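The block underneath contains the structure these notes are about, expressed in structure tokens.
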Amino acid sequence: MTEVPWSVVPNGTDAAFLAGLGSLWGNSTVASTAAVSSSFQCALTKTGFQFYYLPAVYILVFIIGFLGNSVAIWMFVFHMKPWSGISVYMFNLALADFLYVLTLPALIFYYFNKTDWIFGDAMCKLQRFIFHVNLYGSILFLTCISAHRYSGVVYPLKSLGRLKKKNAIYVSVLVWLIVVVAISPILFYSGTGTRKNKTVTCYDTTSNDYLRSYFIYSMCTTVAMFCIPLVLILGCYGLIVKALIYNDLDNSPLRRKSIYLVIIVLTVFAVSYIPFHVMKTMNLRARLDFQTPEMCDFNDRVYATYQVTRGLASLNSCVDPILYFLAGDTFRRRLSRATRKASRRSEANLQSKSEEMTLNILSEFKQNGDTSL
């Protein structure tokens, strides 16, 4: 997050309010705090490690995420028909990841260019919008996958009607609508800004002018689209594990797929989503309320850690394809079949070309032999 220096007071209104309270109460501490807050700004981290760390992570995510999700989409479209309910959710998850990795080349260039954004304000807004759509779309689709697997394991007979592909399509459309509507304020809050050295930054949160309202929006989004889904997922997995323990499902495909699902999804949350949301909230709070000289070192560490978690948050686009491979026997089986078929086709083409080349050589040899006679 390369932004203008932090300030506790986006537009000066809060500082004037605090100073007025200090004068009214005769409290010099409040008044002096307001004066310091209105004039003092902690500098951002001086290490510049994000110029190297973030592009390196994004390059890795782009390569692995592009290949993995391209294969996943190809499999779902051409080799996974007819779809099951869980296939619908996985396809939408792969689509969200694929759309996100397509935006990474511009972001990689941005950091190699010392965070000087050259692609315009609209592209900056679109970049941040797609990141958040992928982030929360992935969380909600993982929640749908977890709830689907919970119904199939805990209530295998009662859930037969609810787990149909048609219902999964309706739920997926609803998820996309919820995410797009909930994330649309990002198009207002994000954008570009010009620094004192005339370079252009692309805010990954917002400028100081809208920081306080953005913090409220961010907290609402975090609770509604991260905390609640996390609680639902943990509840589903607790009941799945309980059902696997008490039911005789030793070595069954359902047991194996369920265990893989629990491990992968919880790993994604532990590595990507939880650290990002914790540090994003701490960073916003530091920009708002911890702007004093003695807090600058703390703010600097918070900011640096937040940059690390931003890279981690993008790793889900690499991990999700592993979910399709390990948690879906059908996907793994059909991928193996499609790979063998493509390999045989390639071998047949090579053999055909080799035979054609041999015949051409023999033909030329005979012609040359005839003319020499």
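Note that Cβ sites are derived from N, Cα and C of the backbone, with glycine treated the same way.
Annotation comment: Swiss-Prot describes 1-51 (among others) as topological domain 'Extracellular', evidence class a curator's inference.
The N-linked glycosylation site annotation in Swiss-Prot covers ASN11 (among others).
Annotated N-linked glycosylation site per Swiss-Prot: ASN27 (among others), in sequence order, evidence recorded as sequence analysis.
Note on CYS296 (disulfide bond): other Cβ atoms within 10 Å of its Cβ, all shown chains, come to 17. Swiss-Prot lists CYS42-CYS296 (among others) with the feature disulfide bond, giving similarity to another entry as the kind of evidence.
Annotation comment: Swiss-Prot describes LYS46, TYR203, ASP204, THR205, ASN283, LEU284, ARG285, ALA286, ARG287, TYR303, ALA304, THR305, TYR306, ARG310 as ADP binding site, evidence class similarity to another entry. For ALA304 (ADP binding site), the count of additional Cβ atoms within 10 Å of its Cβ stands at 18 [all protein chains shown].
For 52-74 (among others), the entry in Swiss-Prot reads transmembrane segment, with the evidence type similarity to another entry.
Over the topological domain 'Cytoplasmic' (75-87) the predicted model carries a mean pLDDT of 86. Taken from Swiss-Prot, the feature topological domain 'Cytoplasmic' applies to 75-87 (among others), supported by a curator's inference.
Residues 54-55, 58-59, 61-62, 65-66, 69-70, 72-73, 76-77, 119, 123, 126-127, 130-131, 133-134, 137-138, 141-142, 144-145, 148, 165, 168-169, 171-172, 175-176, 314, 316-317, 320-321, 323-324, 328, 331 of the same chain, all 6+ positions outside the transmembrane segment (88-109), place their C-beta atoms under 8 angstroms from a C-beta of that stretch. According to Swiss-Prot, the feature transmembrane segment maps to 88-109 (among others), an assignment based on similarity to another entry.
Counting residues 6+ beyond its ends, the topological domain 'Extracellular' (110-125) has Cβ neighbours under 8 Å at 2, 50-51, 54-55, 58, 186-187, 190-192, 199-203 in the same chain. Annotated topological domain 'Extracellular' per Swiss-Prot: 110-125 (among others), in sequence order.
With a 10 A radius on its CB, ASN113 (N-linked glycosylation site) counts 13 other CB atoms from all the protein chains. Per Swiss-Prot, the feature N-linked glycosylation site maps to ASN113 (among others).
Annotation comment: Swiss-Prot describes CYS124-CYS202 (among others) as disulfide bond, evidence class sequence analysis. Note on CYS124 (disulfide bond): other Cβ atoms within 10 Å of its Cβ, all shown chains, come to 22.
As annotated by Swiss-Prot, transmembrane segment applies to 126-147 (among others), with the evidence given as similarity to another entry.
Under the heading topological domain 'Cytoplasmic', Swiss-Prot lists 148-166 (among others).
If you look up Swiss-Prot, you'll see 167-188 (among others) marked as transmembrane segment. For the transmembrane segment (167-188), the residues of the chain that approach it from at least six positions outside its boundaries are 85-86, 88-89, 92, 125, 128-129, 132-133, 136-137, 140-141, 144, 148, 210, 217, 221, 224-225, judged by C-beta separation under 8 angstroms.
The topological domain 'Extracellular' feature in Swiss-Prot is assigned to 189-214 (among others).
In this chain, no residue six or more apart from ASN197 (N-linked glycosylation site) has a CB-CB distance below 8 Å. Swiss-Prot lists ASN197 (among others) with the feature N-linked glycosylation site.
In this chain, the transmembrane segment (52-74) lies in contact with the transmembrane segment (304-325); the count of Cβ pairs under 8 Å, excluding pairs fewer than 6 apart in sequence, is at least 3. Considering only the recorded positions CYS42, ASN113, CYS124, CYS202, the residue whose Cα is spatially closest to the Cα of ARG285 (ADP binding site) is CYS42. For the binding-site residues ARG285, ARG287, counting C-beta atoms within 10 A of each C-beta gives the highest total at ARG287. Across the topological domain 'Extracellular' (285-303), the DSSP tally of helix, strand and coil residues reads 16 helix, 0 strand, 3 coil. Cα proximity to CYS42 (disulfide bond) (within 10 Å) is found for the following recorded positions from ASN113, CYS124, ASN283, ARG287, ALA304: ARG287.
Each of the recorded positions CYS202, ASP204 was ranked by the number of other C-beta atoms within 10 Å, and first place falls to CYS202. Rounded to the nearest whole angstrom, the C-alpha distance between ASN283 (ADP binding site) and CYS296 (disulfide bond) is 12.
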